[in-house]
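Engineer: Input: one structure, supplied below.
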Amino acid sequence: MEVIHGRPYCCRELEGADILSNTFYSNGLHTPYETTIRPTASEDRYQELRQALPQCRLRWGADREYGGMLPVSLPEEHRPKCEPPRLMSKGHQHYGFGGEIWPKKLPIEQYYYLTQNKKSDLYGNDSLLPKPPNSTVGEICSSYPIEHPYHTHISRGAMFPAFTSPKDLYTGVKARTQQPFPPTLPTKTYDSTILKTRGNPYRYELLDLPTDSKKKALTWPGQSVYYDFPKCVEKNKPVFYPKPPKTFAPNSSVTPWDTMTSAKDANIQRNLERSHWLTSYTHDFTGLGPMSPLELDDYREKELAELTGQIGFDPQPQEKFHPSLKPPRPLDGRIARLIQNQRPLEATVQIPPSCPDCTPRVLCAFHTFIPSSAEMMAMNDHLLSGLTHKNQNIEDKIKEEQRLLSTYALPSSYESKDMGSLFDLHSLPKITDTKKSDDLYWRQLDVKPLPIARSKSNHYIDYEPHKSTYRDPYAMCLNPVRLSKSNILQNKTDMADLTFDNYLRKPEFLGTDIESSDETRPLLNWISRAGVPKHHTNFRDFKNSFSRSMAHKRLHNSIQEEQKDLRDKLQCGMRHQFYGHNSHYFYN
């Protein structure tokens, strides 16, 4: 078929010059005039110019058929002197159109670019190979990938995946360069040589067992794909049915087996492989809940172990952090502070001193050497609770006060008077305003002096109305009378009798020499709440007095309004549907 040198520009379909290969344009020997120019304008501009190009309308609806207005194709010996006009030509009859083929007895140009079929890049006809005189055919020997014919029914990967990396320190490329090989690196089997003569019943095998320094590392062939060689003149006949990759390699490697680039990445990949060896029971039940994420990057620790000379340092991946049970929120108040070993909260209220002459920082001359009633009460409380062996500081303080009393020189107005005479003469109340002058302070008032309290041994104070301190740890004092009547102010008492035994006597003998009548109230009657016993609290009775059922009953009785039926579907107010269910099912 003759090649017609022309451009089918009359056909409305695209010629598809953009999708042809470069061979169509580079071959100037066969088709010198069909090297079309690729459009350099944009696609939108190209469509706009194509629509604006005036085209003649084909007759009989021929624009919808395969074909177009083409020049008449005639042989060279029958070509007329003048070029005949273009005629309607039909293309390849891919689908029959039911009409008569017109024109007749003329060669028809095949338009392969109108369909999905690919046109030959070199020739205008259907010949795919050049003729032997025009080309030389040579045999090419190159490897090509080959697989088993039943490879589609054979799994490519192994059932248990392998994480072996060429960058691994123990099984990778670096481990293969070290001899002797580590125990983690597999080696090839020994070579066996079989010596047997045909027809000889005796079989002789020669086994070569190399030493560790001469062993070779085991390699898995066909990690990526198998290549086979075609049958050539200088090559042997290839194996037609190769073995599938699974029979050789456990699994195909993702990365190529090249030189190691990062030992740290290989160590992380090995730890990742070992982390998959942990069972679900070990991962979920550690005693402290599920296992935390593992620390996969321990390359620094392994380097330090290698520098220090440790052999076989390959620990299991450890957890990044160990979970710890968080203690529950402690109770509020006194119990919480006791659990946390903290000081219990106390009100910091400064109690005014019992003596008007004393200040919180400076004591008067009388209480500087003689202990106050509060100190006396503290000493007796410690004695009654059986903890006298822990009060060495109090004993040392009292002994020091006794020593000071023995060496203290009284003023001139008290030189020839003892404690009894001092109480008789100076028992009148004084003006306690210390901001006044000393003359006003020492001036006596014109009032009747108080009766003198005498020591009588036949008087007895009843202790029945008061609880014992041994059974009630919340009591403030042993005897309310003891706070208001101190034994240091007893009449006819010498200073030499003021010993440690007088301070630390038993409670039943401490107040027997003191009268409890209203007429014999002592001078130290300004102590606040001296004769009033403290209210005894019982936390256990308060706890047992609470009843949950009674509290619910009082709560329901306090609600006087009529209870609403939650089953009523009201359109106003709060909603009654929760999670698709009526609130009646959640009521109590």
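Count begins at 1; order follows the chain as displayed.
Placed from the backbone N, Cα and C atoms, the Cβ positions cover glycine too.
Annotations for this protein, taken from Swiss-Prot, read as follows:
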type	residues	note
MOD_RES	Thr219	phosphothreonine
MOD_RES	Ser224	phosphoserine
MOD_RES	Ser406	phosphoserine
MOD_RES	Ser421	phosphoserine
MOD_RES	Ser427	phosphoserine
MOD_RES	Ser437	phosphoserine
MOD_RES	Tyr441	phosphotyrosine
MOD_RES	Ser457	phosphoserine
MOD_RES	Ser484	phosphoserine
MOD_RES	Thr512	phosphothreonine
MOD_RES	Ser516	phosphoserine
CROSSLNK	Lys543	SUMO2 cross-link
MOD_RES	Ser545	phosphoserine
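For the listed features, I'd like the structural context: burial, neighbours, distances.
Structural biologist: Its Cβ taken as reference, Thr219 (phosphothreonine) is surrounded by 12 other Cβ atoms within 10 Å in the chains shown.
Counting Cβ atoms from all protein chains shown, Lys543 (SUMO2 cross-link) has 8 others lying within 10 Å of its own Cβ.
According to DSSP, Ser545 (phosphoserine) is assigned to coil rather than to any helix or strand.
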Engineer: According to DSSP, folded down to helix, strand and coil, what is Thr219 (phosphothreonine)?
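Structural biologist: Thr219 (phosphothreonine) sits in coil per DSSP, no helix or strand.
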Engineer: I'm trying to understand the geometry here, so how far is the Cα atom of Thr219 (phosphothreonine) from the Cα atom of Lys543 (SUMO2 cross-link), in Å to the nearest whole number?
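Structural biologist: Roughly 80 Å, rounded to the nearest whole number.
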